[in-house]
Amino acid sequence: MAARYTEAVLAALGVLSVCSASSSSGSGASGKAGGEAEWAEPWDGAVFRPPAALGAVGMTRGLGSPPPGNAETVDLPVLLWWSPGLFPHFPGDSERIECALGACVASRDRRARADPRTRALLFYGTDFRAADAPLPRLAHQSWALLHEESPLNNFLLSHGPGIRLFNLTATFSRHSDYPLPLQWLPGAAYLRRPAPPLRERAEWRRRGYAPLLYLQSHCDVPSDRDRYVRELMRYIPVDSYGKCLQNREPPTVRLQDTATATTEDPELMAFLSRYKFHLAMENAICNDYMTEKLWRPMHLGAVPVYRGSPSVRDWMPNNHSVILIDDFESPQKLAEFIDFLDKNDEEYMKYLAYKQPGGITNQFLLDNLEHREWGVNDPMLPNYLNGFECFVCDHELARLDAEKAHESSPRDIPVLEPHIAQLSHMDCPVPTPGFGKVEEIPENDSWKEMWLQDYWQGLYQGEALTAMIHNNETQQSKFWDYVHEIFMKRNKNL
């Protein structure tokens, strides 16, 4: 991921500093679709000696903490941020952090990798490139993954061999070690914001506005949403802004800036509030992957017409607050239902009942918002970057204690078994067409050429890096040889 993306992440989280970053290299060998075989782990306990996950932890930071390098930090475990440009501290290359179980030193100095005190490497998923992974993998170090962004940024992590390279995870999945499924939802109050009066929206309809809004400038994505919207437009008016399927110009120059479309700019929010229904379609389909495309319409009092996380019902404020595209057998049937709601105010308002006092009845959602230890623009809580960092710190402190206990009594206290991430920590299936069947799409279709190949190449790359670690390889330059060998073995019968 280029430097501007990591800077944007830090800025959005309110981190004080952003160190300069260089662009990470991409990878692009082609691959053909083939099922992911049952994966037998090719390593044994000697290859990995990291750890078991420990429960939720807190994070506090003392402003007067001494700088790393003196007697108070010399024996502390080191956490090394490996991704360029992502280091949530200011200033310098290292900082002592105070967490629930004790202190660690966070660093971005890659020279520390070989130091026995360096207990964990922290990777940002979008930046992680198997071809550039630090080799050989050192037996005493955990690998920790932060990947709250779209799976399209790195499909290696959507396969078992890729995600199981890591010991600790912070992803959008509720099943990850440090889950971030509600990263785009500040709190329940965000959902309770009053909706505009229906008479105002009726006036916009009389002025020629469609009932349904589509605002996208990221086209040709793995979810193939534009293909579905194009078909839906045959049956119901859709006002499409942005670069994808555009049929209307935003009313002001400011709103024509695509950078504004992902913000909560007051002018943008007022404009979007004119619409009763918003097409809310994620760029990729994974359980628990939900973004502002879902939450922003609800904040504005519009009804999301949603395709994205298959588990989205688990997170809704009640059982009648979103229209799910996949509940309808065709775009035509969906269009007919939206048209019905558009003409029946009483039925439409049932979708906004969660905004009334006591209207949020989903206790699972409320509990997750209340008990998460990180916050969204909350000065009383750490952001999830620092929160995950402390989670890793406490994990490594506990692992050190377990190792010491085993050394003191090896017959009575067994070696701590390594904790390995599972496929459920991402849970992203192979991309499918937004409309129609994959076999009906021409082979030269841009979606088919790009995303199916990218998805399956992620599998090959994860298998290649796993094999290199198992073989204790030290030369990154051999990576593509491994990929080629795996590709040939998988496709030898084609």
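Sequential numbering from 1, following the chain as shown.
Any Cβ shown, glycine's included, is placed from N, Cα and C.
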Do you know which of ASN167, ASN319 is annotated N-linked glycosylation site by Swiss-Prot?
ASN167
If you have Swiss-Prot open, could you say which of CYS390, CYS428 makes the disulfide with CYS393?
CYS390
Do you know offhand how many angstrom separate CYS393 (disulfide bond) and ASN167 (N-linked glycosylation site) by C-alpha?
13
Integer Cα-Cα distance in angstrom, ASN167 (N-linked glycosylation site) to CYS390 (disulfide bond)
15
If you average the pLDDT over the topological domain 'Lumenal' (25-494), what number do you get?
89
